[in-house]
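Lifted from TrEMBL, the feature list:
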type    : residues           : note
DOMAIN  : B:6-224            : domain 'HpcH/HpaI aldolase/citrate lyase'
BINDING : B:Arg66, B:Glu129  : substrate binding site
BINDING : B:Glu129, B:Asp156 : Mg(2+) binding site
Amino acid sequence: MKNSIGREIPDFIPGLGKVTGFGGAFARKPVGRTVGAALSTCLPRADKRLASIETAIDAVGLKDGMTISFHHHFRNGDRILNRVVEAIAKKGIRDITLSPSSLNTVNDALIPYIEQGVITAIETSGARGKMGRFLTEGHLKKPLHIRSHGGRAQAIESGAIHIDVAFLGAPACDRYGNINGIQGQSACGSLGYAIQDAAYADQVVAITDNLMPHPLFPISIPQTQVDYIVVVDSIGDPAGIASGALRYTKDPKELLIAKYAADVMDYSGYLQQDFSMQLGSGGASMAVGRFIKTKMLERGITGSFGVGGMTGVFAEMMEEGLFKMMFDVQSFDIPAIDSIKKNSNHLEMSASYYANPHNSGAIVNNLDAVILSATEVDVDFNVNVITDSNGVIMGASGGHCDTAAGAKLTIVVAPLLRGRLPMVKDAVQTVVTPGETVDAIVTERGIAINPKRLDIIDNVKNSGLPIMSIHELKDIAYKLCGKPEAIQLSDEIVGVVEYRDGTIIDVIRRPIF
Amino acid sequence: MEKLRRSMMFVPGNNPGMLLNAGIYGADTIILDCEDAVAITEKDSARNLVFQAISEINYGTEVAVRINHISTPFGWDDLKRILPAKPDLIRLPMCQGPDEIRQIDEFISEAEHKHKFPAGSIKMMAAVETPKGLRLAYEIASASPRMVALAIGAEDFIANLKTTRSKLGRELLAARGQLVLAAREAGIQCIDTVFSDINDEEGFKKELELIKEMGFDGKSVVNPRQVSVVHDFFAPTAKEIDHAQRVLAAYQEALEKKSGVISLNGKMIDLPIVARAERTLAYAKATAGKGGK
């Protein structure tokens with residue numbers, strides 16, 4: 001079948017079964033009920049502590065074919081996921097479905113366990129590095145199942161993902177299992193993705209290098225959800241968990257794109273008193289904050305709230321009184337972690353609160369504007385953030401399609417050219433975010449407004465900004481670089497991209513290398 | 001209003017990526033550099049790349065080429081290779097006297113004739129970087145009708161003065177002043193030297209304030225990030241525009257009343273003030289709509 005954006009999706013995908021094609025950003029109405037964790041009990045004065053990860057695997061009764069989950073708040077500093085899988089492999093358990101909220105290059109170490117059949121399915125936000133290439137080559141038994149952060153929360157709550165055991169790295173954990181992410185040597189700030197898993201997994205194992213006296217304060221994940229505690233020497237490498245302060249880019253091209261994006265937001269009419277905003281953490285999208293800040297100060301306006309993927313520079317705007325609140329699902333740098341620790345108006349939120357389309361209203365629905373990066377975009381305003389110019393998986397869906405759907409104004413920033421490749425094309429290789437939810441594409445050589453946003457087109461027409469049609473933008477790119485050759489693909493589906501509502505927006509076919 | 005040259009941005013002639021993107025930052029003039037930014041071993045490839053860039057890329061603004069000095073083994077070869085692409089402007093570095101300008105003028109005239117370009121369509125400017133060049137600045141400025149601007153190159157000049165460059169720029173005060181006088185006498189523009197510490201935005205702004213007061217028309221820049229800062233500085237403020245409009249309105253009213261004395265808010269307005277107001281408004285009009293807000 002062709003889905004509503006014209007992508008050819010088989011009705012039946014080997015390894016996944018029958019699938020539903022994407023039918024529009026808000027077309028699918030959810031039915032049924034949320035699922036829940038298995039009932040459990042814990043006797044008074046019981047000790048939840050276990051001696052080792054191996055003991056914990058025995059205690060939870062992990063078996064062949066089960067699904068295990070992890071959070072990715074430790075990013076490339078993560079010392080949990082690889083270690084748990086190694087322990088599982090040693091016990092001879094096979095056919096595991098791995099469901100981490102995302103994968104980082106540190107998880108390239110999992111490749112042997114896929115080859116050995118320990119891991120046969122992965123459901124996550126995306127993949128990078130060697131793992132991305134390995135998965136693109138089709139070595140996994142089932143196709144890689146890519147979900148956005150909101151889509152993953154939706155799938156967990158609807159039961160599409162059933163987590164048998166969540167192994168959660170806990171920067172601070174007390175003796176009865178209360179957890180937060182802001183204390184200890186492996187502090188990572190918000191535990192937004194872990195909160196989701198803890199609430200719905202049948203069993204939860206907290207792994208910590210910072211066992212604290214009971215009761216812990218503050219509590220992000222409550223003791224009522226945590227079954228076992230394992231204390232280890234180190235759960236993460238601080239240098240890999242969070243960088244020092246992420247600063248604004250100095251790249252003049254990214255700054256130019258950022259300035260244009262801020263101007264588009266301004267002329268579009270969304271930069272008003274009490275507006276709300278989310279910024280991506282990429283060079284150009286983050287730098288938009290700098291120009292927005294200048295405009296806010298010049299005009300004497302303040303915002304209502306910010307959403308992230310939080311960075312220190314954004315949190316700083318709240319500390320300076322430019323925003324009332326920040327909603328934080330993951331904290332990207334040390335200043336952001338410090339901010340969530342000390343500011344009561346810097347709120348931790350779950351992935352569902354952030355972006356789940358099938359609850360009674362995620363915070364993305366309240367966004368006035370979001371600035372997002374892109375790998376490539378096309379003349380239908382569709383965005384790819386997953387596959388590179390060779391069709392290889394090298395990115396993550398993240399909250400891209402969630403925020404684009406929720407915000408009143410979605411601005412996608414991207415360079416028009418990367419090296420000798422055009423980034424505005426006739427058709428993107430893989431659609432992650434549908435064009436119907438994207439309002440403006442901002443590049444260093446021109447800005448295209450989605451033709452269905454007549455209001456924005458009208459507002460920006462006398463701005464002096466380089467406004468042009470998306471086709472003109474593409475033509476400039478093609479004139480400079482030539483039209484890129486199509487990637488030769490096999491019929492084998494190595495990945496599916498699920499839209500936030502559970503329908504399939506695109507599939508990734510194995511390129512013929 | 002003459003051609004705006006608030007920002008003249010240097011782009012290394014041997015860097016394809018930078019050549020490709022040079023036009024996107026809104027600089028009034030892009031200077032494709034074959035001289036200091038290019039190592040001796042790269043001179044020929046830079047020359048070829050610059051030729052291709054001018055031929056193939058529509059920069060949408062004035063494109064200059066800084067050639068190597070004609071006393072080096074590269075200067076004439078630069079001209080030979082690049083003139084057929086018809087750059088808008090040739091910038092000569094290290095200019096020591098009017099003879100150099102006349103020689104290049106002649107060479108350009110031949111090229112224009114050969115390639116059927118309109119006579120005089122390729123302009124020239126010269127950078128003064130030595131005490132001798134400064135002494136002959138007026139002669140240099142008026143040596144050819146192609147000359148549109150003088151520029152000062154500070155680093156070499158200061159080395160020649162046997163001093164060092166300071167934040168306040170006192171060591172350049174005399175040279176800058178003299179250069180503006182020479183350019184104004186010859187009726188051409190005057191462009192200030194580069195400010196190379198690109199992360200010192202405050203220092204950059206101080207220098208811009210100084211050169212604007214001294215009468216410079218623009219500044220050479222080395223990094224695209226400096227372009228918008230320069231433009232913001234040279235743009236007339238809302239207050240200046242408002243004042244200029246009032247001056248002209250008062251002048252118009254006096255003309256209609258055939259009154260000999262013009263005043264605004266109790267202050268006398270004479271013709272130089274009217275001329276300055278006209279210049280401010282023309283400048284505001286010329287700079288409006290260039291880039292975003």
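Cβ from N, Cα, C; glycine included.
Keep in mind the model is a prediction, meaning the values are calculated, not measured.
Mapped onto three states, the DSSP output places B:Glu129 (substrate binding site) in coil.
Predicted-model confidence for the domain 'HpcH/HpaI aldolase/citrate lyase' (B:6-224) is 95, expressed as mean pLDDT. Mapped onto three states, the DSSP output places B:Arg66 (substrate binding site) in strand. Packing around B:Asp156 (Mg(2+) binding site) is summarised by its Cβ count: 18 other Cβ atoms lie within 10 angstroms of its Cβ, all protein chains included.
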